[in-house]
Amino acid sequence: MAVAQKKGGVDPFDGDEATRGPAPFAIGFERANGTGIVFGAAFLAVVLLAIGLASGQTLLAFAALAPLGIALWHYPMIEKGKPQLGANPDGLFVERIGFIDWGSIRMIDLSRTSVRNIELVKLNVLLNRSLDAAVAQKQKFPFWKTLMMRNWKVSQREHGRSLLSIDLHTLTHDPDEIVNRIRAYGAF
């Protein structure tokens, strides 16, 4: 089947999906979730610092460190152009980890919990080896990023396996769509 050409490229909606393969993607945080926290805490830090310095109360000025720390911790939620999760033929991309080789992934599933009216969704990625051994291409990042919030946590399982839990409710796309796009790369 011929694939139609559109403005400098292949039309992704034309032709057979099996011949094209799965589509790569990269998604980031939903910026609206972090804007209030980051800018609100930064504003409070500036106000406390200004009042503390103007009144000569150093303790009040030092109190500005707490909201400043909160603003810096949550800064990745408003950072532009930094994907948190993605997938392509090289592997599953997780920010501050890098690309996890598809062959290292044993199982992928979603877990949903509800807190009052808020649904929290996690992508659980069970690896068939340790996380360090599963990473095909490490991501380099500045040291100060280690002091900021990350969207995942890792726990060790039996037989040297790792379980990577990634929060999806903070990201921009529908969790079910994300899992379907990841599963298109292999039989998990």
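Yeah, the Cβs are placed from backbone N, Cα and C, and that goes for glycine too.
Residues or ranges marked as transmembrane segment in TrEMBL: 34-53 (among others). Long-range contacts of the transmembrane segment (34-53) within the same chain: residues 59-68, 70-71, 74-78, each at least 6 residues beyond the stretch ends and with a Cβ under 8 Å from a Cβ of the stretch.
Listed by sequence, the residues of this chain that lie at least six past the ends of the transmembrane segment (59-75) yet keep a Cβ under 8 A from its Cβ atoms are 34, 37-39, 41-42, 44-46, 48-49, 51-53, 147-149. If you look up TrEMBL, you'll see 59-75 (among others) marked as transmembrane segment.
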